[in-house]
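Per TrEMBL, the features are as follows:
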ACT_SITE  335  active site, proton donor
BINDING   220, 261, 262, 263, 264, 371  pyridoxal 5'-phosphate binding site
BINDING   264, 300, 304, 336, 371  substrate binding site
DOMAIN    38-268  domain 'Orn/DAP/Arg decarboxylase 2 N-terminal'
MOD_RES   46  N6-(pyridoxal phosphate)lysine
Ligand code: LLP
């Protein structure tokens, strides 16, 4: 929520047009610093996979998680490597390996965090000795929405905890090298579940009869999207995992590396979506403000009923102060009723109290650095938006707006 300077916002909007994504590098650096206690910070780049953001992470000593061939290519382009000393490189986390991705991880010797035993077999056959993690589904999960709960029997993710011995058998048969165990039970994990995951990790390692180098705490650290929401206590978070790690070390008799794999925590608060108000209308009892960004750009409200703070940057008049706030529905341009930024899970349209908006004003959607641009689509044939990185006084375009010609290019067959 830091990019609030109206002059800066106006300059960016004038130069690059609207809608536009903005990121504040200082916020990312601050969040990285808060997790330094962990041996390895591995950025879950699905949250924000722009190569320049990945480079910024690399400059901070943060390594990277990839979940697809495309994310591997982005990480390589940003200067990460698969080969060599593993903590400095890329890990691919997935539940399956398509042929092209399998070929690339073998070529680049990228360690694989396996979410299925079939993956292990395929990798073991193609690349004996390959370094692997096991992503374990401990039988329970938790998320800010059912769609972001990645544990338990309704989730497709990970190797079921009771099948760990089978996975280890495949590892031995194929001469794979086990790096460690990994658990990510969802996004928005609370302390209660965290303690449960730490306990499950200790128990699994105790019973597995196989050595390992590392454990991964996964990601899932929440951020305060609403004013007044508590901020996660990273020291406490680390403390719980560190205690689990120490129990594991005592059992194994050697040091064990502790990794963490956040996406949202590192980037969400750095990001703002700036959109322009293009229509204001009343519909029965509802007051609508329509902006030029849609759910093809910022999908989270439509997908999960997620809340993002919204604020006004008035244009051509002083910032409204002391005006009565209007209960407002904020919506986009898409030809679909669900294209509403103020809604709750299940598509229930709600209002947000905003100052009166006029056509030409800007609205800011806050905390959109994670799962904002990276979840955008071309729905309604709308081009992808530009991304701008603000680093102190420097304002840098890190992705230009997709052109109409690019939008049509793939169909020129
Ligand atoms: N590690 C693994 C294996 C994951 O699957 C994920 C997220 C993360 C780490 C990072 O989770 P985070 O720290 O960002 O919560 N689109 C949804 C979030 C989906 C997350 C999927 N996996 C949203 O907008 O909230």
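Residue numbers in this text run from 1 along the chain shown.
Glycine is no exception: its Cβ is also placed from the backbone N, Cα and C atoms.
All features noted in TrEMBL, drawn onto the structure.
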| residue | record | CB count, 10 Å |
| --- | --- | --- |
| 46 | N6-(pyridoxal phosphate)lysine | 19 |
| 220 | pyridoxal 5'-phosphate binding site | 30 |
| 261 | pyridoxal 5'-phosphate binding site | 25 |
| 262 | pyridoxal 5'-phosphate binding site | 32 |
| 263 | pyridoxal 5'-phosphate binding site | 24 |
| 264 | pyridoxal 5'-phosphate binding site | 26 |
| 300 | substrate binding site | 22 |
| 304 | substrate binding site | 19 |
| 336 | substrate binding site | 14 |
| 371 | pyridoxal 5'-phosphate binding site | 24 |
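For ligand 1, the neighbouring recorded positions among 220, 261, 335, 336 are 220, 261, by Cβ distance under 6 Å. Residue 263 (pyridoxal 5'-phosphate binding site) falls within neither a helix nor a strand when secondary structure is assigned with DSSP, and so counts as coil. Counting only same-chain residues six or more apart in sequence, the Cβ atoms lying under 8 angstroms from the Cβ of residue 335 (active site, proton donor) belong to 380. Neighbours of residue 371 (pyridoxal 5'-phosphate binding site) among the recorded positions 46, 304, 336, defined as a Cα within 10 Å of its Cα, are 46. With 220, 261, 262, 263, 264, 371 listed as the residues that bind pyridoxal 5'-phosphate, the site has a largest C-alpha separation of 15 Å. Taking the mean position of the Cβ atoms of 220, 261, 262, 263, 264, 371 as the pyridoxal 5'-phosphate site, the remaining residues of that chain whose Cβ falls within 8 Å of it are 44, 47, 187, 219, 221, 265, 266, 370. Once the Cα atoms of 264, 300, 304, 336, 371, the listed binders of substrate, are compared pairwise, the greatest separation found is 28 Å. The Cα of the residue listed as 'N6-(pyridoxal phosphate)lysine' lies closest to that of 263, out of the binding-site residues 261, 263, 264, 300, 304. Mapped onto three states, the DSSP output places the residue listed as 'N6-(pyridoxal phosphate)lysine' in helix.
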